[in-house]
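S.K.: The structure's right below; bear with me while I get my questions together.
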Amino acid sequence: MTTIHNQSRKLLLQALRQGASDIHLSGTREDGIIQFRLNGRLAPFQRIPLQTAERLVSHFKFSAGLDIGERRKPQSGAMDLILEQKIPVSLRVSTLPTPLFEAVAIRLHPQQTPFALESIPLIKRQAQQLISLMTRTQGLILLTGATGSGKTTTLYAMLQKALHMQNLHIVTIEDPIEQLNPAFTQFEMNEKAQLTYEVGLKAALRHDPDVIMIGEIRDQTTAVYAVRAALTGHLVLATIHSANARGTITRLCEMGVALHDLREVVVAIIAQELISRKCPLCLSSDCSPYCTWLNNRKRAAIFDILEGKALQEALTANDSSFDGLGKERRFAIALGYIEEKEAKNRAL
């Protein structure tokens, strides 16, 4: 193996052992800079010689199937590796040309056992609400939240819980597939092959599904087909970007979905947020990203779950200004799970 190959594997192993979700490789005129995304925060990791950084960039581009000679345009690609303990890891590599350096961001997706749904919410009563939703046989369940807030992790956990409760045919349509699961029929987008969400949804509906999961509703076509699939007697789960749970209604209306269709088909809208818990060692939520406390315990999710009467009121009023997550933050403060400073930072 070449030296740069060994260096790249060592870097990936260090990131995985630290629990990093992303690796950022950038540079100045003098040297290369490596940073890890740990618990939602960007943390400096290492400075390396500029020549080594440039060779690492070329290596990751080649491994991800990118054009190593193209340095003027952004590129994105993927690669799969087995690094440690025989756990496969999917890497999504993205490049961005800058005046000084071709920056690279690498998203890490370890293909390990999905989280149990009960372990995700900080407030345990919300786990039961999520489990209850998966007893539904039809309708549209939407998850919203910021990038990196754990929406897809929650979706996988909800699907896994549904599968444990009854034998179901679950079809997922994703870009990319983040967790391979042999119990699901998984379909990955490929724009070069003209495999879009629209194509995937049409194919999924012909595949006799009980449950359809859509990685993200991005445009009007996907939104319309998601609603149509739910109207034809399927349970559909999807993520969508909006400011809060109520803002999801406005977002879908802006995409051209009729409000009366939403009233008929939507069974729940879930806003999700990851918050930092108090560290029992540092006695604070503001401890070092490299704290030795187990990384997967440092953050937990809170939810604003709109269903039943509250959902119907939101669909009638269509008021996106109310943020239900604020109520859950205050509840978490009262229970001593998080600090008031953390809640205020999230509310900004």
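Each Cβ is built from the backbone N, Cα and C atoms, and glycine gets one as well.
When I checked Swiss-Prot for this same protein, it listed these features:
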- Gly145, Ala146, Thr147, Gly148, Ser149, Gly150, Lys151, Thr152: ATP binding site (BINDING)
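Give me the structural setting of these features: burial, nearby parts and distances.
M.R.: In the three-state DSSP classification, Gly148 (ATP binding site) falls within coil.
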S.K.: Among all chains shown, work out which of the binding-site residues Gly145, Gly150 has the most CB atoms within 10 A of its CB.
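M.R.: Per the Cβ count within 10 Å, the most buried is Gly145.
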S.K.: Compute the centroid of the Cβ atoms of Gly145, Ala146, Thr147, Gly148, Ser149, Gly150, Lys151, Thr152, then list the same-chain residues not in that set whose Cβ lies within 8 Å of it, in sequence order, for the ATP site.
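M.R.: Here the non-site neighbours turn out to be Thr239, Gln272, Leu274.
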